[in-house]
Amino acid sequence: MGLRPLMVGALGVVYGDIGTSPLYTMKTALEWAGGADAETALGMLSLIVWTLLITTSIKYVAVVMRADNDGEGGILALMSLLGIKHGERLGVIAMGLIGAALLYGDGAITPAISVLSALEGLKSPLPQISPYIVTLSAIILVGLFALQAQGTDRIGKLFGPVMIAWFIVIGILGLFGILRHPSVLAALDPRHGLSYLFSHGMTGFLVLGAVFLCATGAEALYADMGHFGARPIRFAWYGLVLPCLILNYAGQTAVVVDAALGQEPNPFFALCPAALQLPLVALATVATIIASQAIISGAFSMTRQAIQLGLCPRLNIAQTSATGYGQIYIGFVNWTLMALTLGLTLGFRSSDNLAAAFGIAVSLTMLLTSILMFLTMREIWKWNLAASLLTAGLFVVVDMSFVSANLMKVLEGGWFPLVVAAVIFFLMMTWHQGRDLLVKKLERDTLPLATFIAQVGAKTRVPGTAVYMTSRLDVVPVPLLHNLKHNKVLHDRIVLLRVVTASTPRVAPDLRIDVEHVGSNFHTMTVRYGFMEQPDVPEALDQCRQRGLIFNMMETSFFVGRVKIVAERRSRFAAFQAHLFEIMHRNAMAATEFFRIPPNRVIELGGQVEI
């Protein structure tokens, strides 16, 4: 696909969040600053512009997007790039999990604050509708989440053109605002922002939390890199998004300096002539829906990564498009996000109230990304210590400023994403640690495969092929031992199959399968998938034809273990965690269904394991 279509696609998916931030950023910053006077407005504009330049243009577009994992981005991809397979990288795993958990909290807030802020633009032209804005927002959000299962293949093609129209409109509105008061462009000088910060004490510090709202969508540039590539995202940012954002924020500042707010408290809508107010609200509502859609799709994509990396229980993943692999639907994630988003909408009831909750999650994720980037600079890019400390250190200082300012608003709403993130992090760590402990327990009394094959001798064989799913190919799978113990027979051909998730998003077809004959008609097979791919075992077996191994599915039986978890009295796990892991394990999607194995060819052999 050419550069232009990819740029249009990126504008419809990547830039929805950061592109709709002008709806509430300047308004919130002025309110937190305690006034809408000219000096304050110029200070806010300077801080907003330089936040966009430092955090988005320099940190993400110029530096972080270079840290791709085989083309894929996002904090989990970065975590995988740094090698989570090594036991000593527990700190890297923890940072990746915390960052991902925080983004789920942010994912619940973004749709609520975006849709509310757009519909609040109706208050001036249609004041009689004000009491119904929360209800209308809830209806729109319910409709958005309800449609997820149908996919966005068709309507998604309109997202890019709509967002192009959005950026052009807000850029033109901003330009007309600047023409009324061109002197606001002096605020592009960073000294205006620094002067405000250092001359207003605690207020200057706290207002950074509101200023940060302009950059909350910056993480999406990195997270969605795998869908469009770094080059189209960079071109779209510098060619359209950044200029239009700066124009609009400058135009809003001009309205404030010109004392032209009137009855409209939001400088964004004050930019617009009264006759065009309703069309602007309609366009803003559509843009916020697109931004919300991007957040929801991102949550689905991140969940699939977590499942493939073994950080989350298997969940049912539905493909909603025959052509777009990234278009998936995960019901559990969708309905959980909807419940959280509706709770926020009905509980906080306005974008002003939600602003205090917004920002803390993303700022913490950005801080963790900066720390992981330091490791990337040292270990992957082989930068010297001085260059790594200077670059990552600058990012950490900026991120810490925003995190500290946002933490001051924890009691006013910032607690919500932190609580959501803490719960999700605890669940993911419980699953990760529980799986490791379970695997060790299962492998404790295993028999070496070579020894078993040497002892097989003249065991009774029955026609057909038996495929045993296993995590190790050097030992005998427990289901095979159970089958031999109870049925006293072996199949003519036995395949030990291990499915491995690579630390890359995708695996090349010629590297997907390894097959080895180990004697007595035993074969070991490794099938590799990237953490962005959906495993399909029957398809992998069909690809073995070119390696001389032919499978007839009607003559092939798949043996899998079904384990019942029981908590030990003196477990390494806390009793509560052990019971929680048991519940998660019991309710996880069956391995056979996840790997797309025909259910009529599956034989489950159970056992009990204490952890």
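We number each residue from 1, going along the chain as drawn.
Every residue, even glycine, has its Cβ placed from backbone N, Cα and C.
Copied over from Swiss-Prot, here are the features:
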TRANSMEM  6-26  transmembrane segment
TRANSMEM  44-64  transmembrane segment
TRANSMEM  90-110  transmembrane segment
TRANSMEM  129-149  transmembrane segment
TRANSMEM  158-178  transmembrane segment
TRANSMEM  193-213  transmembrane segment
TRANSMEM  237-257  transmembrane segment
TRANSMEM  280-300  transmembrane segment
TRANSMEM  328-348  transmembrane segment
TRANSMEM  354-374  transmembrane segment
TRANSMEM  385-405  transmembrane segment
TRANSMEM  410-430  transmembrane segment
Tertiary contacts of the transmembrane segment (280-300), as residues 6+ beyond its ends and Cβ separation under 8 Å: 12-14, 16-17, 19-20, 23, 103-104, 106-107, 110-111, 114-115, 117-119, 121-122, 125, 140-141, 144-145, 148, 152, 156, 159, 162-163, 165-166, 169, 173, 217, 220, 223-224, 269, 272, 317, 326-330, 333-334, 337
Paired segments the transmembrane segment (44-64) and the transmembrane segment (354-374) in contact, 3+ CB pairs under 8 A: yes
Sequence-remote partners of the transmembrane segment (90-110) [C-beta within less than 8 Å, at least six residues beyond its ends]: 17, 75-76, 78-80, 82-84, 216, 219, 223, 291-292, 295-296, 298-299, 302, 306, 311, 337, 340-341, 344, 354, 357-358, 361-362, 364-365, 368-369, 371-372, 375, 416-422, 424-425, 428-429, 432
For the transmembrane segment (354-374): best-contacting stretch of 237-257, 328-348, 385-405, 410-430, by Cβ pairs under 8 Å: 385-405
Cβ contacts under 8 Å made by the transmembrane segment (129-149) with residues that lie 6+ beyond its boundaries: 111-112, 115-116, 119-120, 122-123, 285, 289, 292-293, 296, 318, 320, 329, 331, 334-335, 337-338, 341-342, 345-346, 349-350
Same-chain residues at least 6 beyond the ends of the transmembrane segment (6-26) whose Cβ lies under 8 Å from its Cβ atoms: 41, 44-45, 48, 56, 110, 113-114, 117-118, 121, 156, 158-164, 166-167, 170, 210-211, 213-218, 220-221, 224, 227-229, 231-233, 235-237, 239-241, 245, 248-249, 252-253, 256, 266-268, 284, 287-288, 290-295, 297, 351, 355
Candidates 158-178, 237-257, 328-348; stretch with most C-beta pairs under 8 Å toward the transmembrane segment (410-430): 328-348
